[in-house]
Amino acid sequence: MQIGIDKLGFYTSDLYVDMAELAQARNEDPNKYLIGIGQAKMAVIPPTQDAVTLAANACSKILTEEDKKQIDLVIFATESGIDNSKSSAVYLSRLLGLSHYLRAVELKQACYGATAALQLAKGHVALHPDKKALVVGADIARYGLHTKGEPTQGGGACAMVIAANPRILALEDTCSYYMDDAMDFWRPFDHTEALVDGKFSANIYVEFFQKVFEAYQAQTGIRIEEFKALLFHLPYTKQGLKGLRAALAGVDPLVAGKLLRQFEFSRQYSRQVGNLYTGSLYLGLLSLLNLSDSLKAHERLGLFSYGSGAQGEFFSGLLMPGFEKMLDPVFYEQLLAHRKQVSVAEYEQIFSALDMRAKDLVLDVSQDQAPFVFTGISEYQRQYLAR
Ligand code: COA
């Protein structure tokens, strides 16, 4: 029985800041951000969106009433949690109107969380092939104003329905994973911004990729030319390119050229949104599926997931016949094209408005047209609106 990604959805806010403008405001050469880091626009997440609403908005694009009846597992991967005890999966399940007869949990291991969720969901569907699992990765990447990490912020969510006989990507059974205790990126309690050792994180990411890719190849005997594309976690798109270049050392230039070409398709959405943390790898997958001009059924995609701290995993999947019917490239083109540009000053004001400690808070949601919005806090209880 094949199990894998049956549906894939994505949502980001309707605001962005232009990276060339941000570079100028920070006295940097715009090409450092545009080329050196590989980002053109950065999603700005208004106070009326949080991890829960970003996830709900991503799910609303893909879920039918039939899916909702069949889903009996919801795994919410995030490192932007909104409560120390209650999981975002419970809020999400209620907002989406899912059945009460399900398991709802939140999962954390930095940007790797959604991959762990995907693999756990696969095991669940193997035991219960008539059921479906909902996996989401939703985050707001925050490093702080005027920090080195600032140009690698962003936010949004990816949602996946995991099912038997999937219509997009059948996951192959072999995957290789590697863990080590590393302080490359972390966020202590009470910090709303991450702490990062940027150069260290860039190097350890590549090291982990090499370890798991070699292990995968040793286990399967699959050669690099047997992949149509290699997809990477994209904290910023240059980082994925560093991973890919490590894989291409000594590889036939024809093969390398093909993989580099597919990588360009996979990083287009991330270039316009920035870091999604848990969702980034899957945004790359969606970007490739929607934009590549040469994908065919039965071709193999390789995926590298990395979560600082640190966990890496390499796994693969085969494109299913008819996968293109499950896509909606025009919708995502419009989602990204119709966003409103904000100035650097407006972005700074929105960034600074985050309040995770309020007892009571009333937010004006009139400017946010998303189907799901965060309306405020009442007696420490978060309030949401489904339109
Ligand atoms: N034109 C083109 N490229 C330029 C440039 C210009 N004018 N100026 C600089 N660059 C290049 C640099 O050569 C460098 O490229 P390289 O990484 O291939 O060597 C890149 O732009 C970044 O420049 P650098 O001076 O290293 O930037 P920085 O010290 O400001 O830090 C990050 C950049 C990415 C390390 C920092 O933004 C960060 O820490 N971000 C968070 C990282 C993260 O998400 N970690 C978790 C990962 S999973």
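Note that Cβ sites are derived from N, Cα and C of the backbone, with glycine treated the same way.
According to TrEMBL, the features are:
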DOMAIN    2-165  domain 'Hydroxymethylglutaryl-coenzyme A synthase N-terminal'
DOMAIN    176-244  domain 'Hydroxymethylglutaryl-coenzyme A synthase C-terminal'
DOMAIN    267-352  domain 'Hydroxymethylglutaryl-coenzyme A synthase C-terminal'
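In the domain 'Hydroxymethylglutaryl-coenzyme A synthase C-terminal' (176-244), the DSSP tally of helix, strand and coil residues is 34 helix, 12 strand, 23 coil.
Helix first, then strand, then coil: DSSP counts for the domain 'Hydroxymethylglutaryl-coenzyme A synthase C-terminal' (267-352) stand at 43 helix, 19 strand, 24 coil.
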